[in-house]
Amino acid sequence: MRLTDIEIEQALDNGSIVIEPRPSNDAISGVSVDVRLGGQFRVFKDHTAPFIDLSGPSTEVQAALDRVMSEIIEIPDGEAFFLHPGELALAVTYESVTLPADIVGWLDGRSSLARLGLMVHVTAHRIDPGWQGKIVLEFYNSGKLPLALRPRMTIGALNFERLSGPVARPYNKRKNAKYKDQQDAVASRISQD
């Protein structure tokens, strides 16, 4: 069952869900908590690589990713990152989230942003039980105009679902967890599969 606003506030109060900085009660509605955009981004650089062979040897996949992904781009508060039509960018939430082993989170984009062509997560919207860290956002502009994204703007909402019991392998305990404790706009680590 999805947690209600009352249950979300109780989980924040008792520390079973931790969101830092803690959201105001105005950011909690019905079944969700608003999250804001952080100031870190990554984009695909201009490159001459014709493709990335995702099934190739892991060293070759990683080398290709290193060639095409930018370093972290820091956008100060008050300034904007421009996402042009047809572009993909990675970013992070301003908030850091910690979930217990018996709660899964779900990230939803905002309808108002989707109506302008902004996809906030291309596919990955589940936040695993045991997650700890910032949430990477996979932006795609499917619209016709560049979109100005500013740090700390409301970018999406998290909702939470209590499981029938704690999972045996929470994310923060898995040895092969590729994005454990992430604080940055981490590029794909598919080469570690």
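Backbone N, Cα and C define each Cβ position, glycine as well.
The dCTP binding site feature in Swiss-Prot is assigned to Arg110, Ser111, Ser112, Leu113, Ala114, Arg115, Asp128, Val136, Leu137, Glu138, Tyr171, Lys178, Gln182; the stated evidence is sequence analysis. For Glu138 (active site, proton donor/acceptor), other Cβ atoms within 10 Å of its Cβ number 17. According to DSSP, Glu138 (active site, proton donor/acceptor) is assigned to a strand segment.
Residues or ranges marked as active site, proton donor/acceptor in Swiss-Prot: Glu138.
The region 'Disordered' annotation in Swiss-Prot covers 173-193.
Summary for the binding-site residues Ala114, Leu137: the Cβ-based neighbour count within 10 Å is maximal at Leu137. Every protein chain considered, the tally of other Cβ atoms within 10 Å of the Cβ of Ser112 (dCTP binding site) stands at 9. Closest to Glu138 (active site, proton donor/acceptor) in space, going by CA atoms and restricting to the binding-site residues Ser112, Ala114, Asp128, is Ala114.
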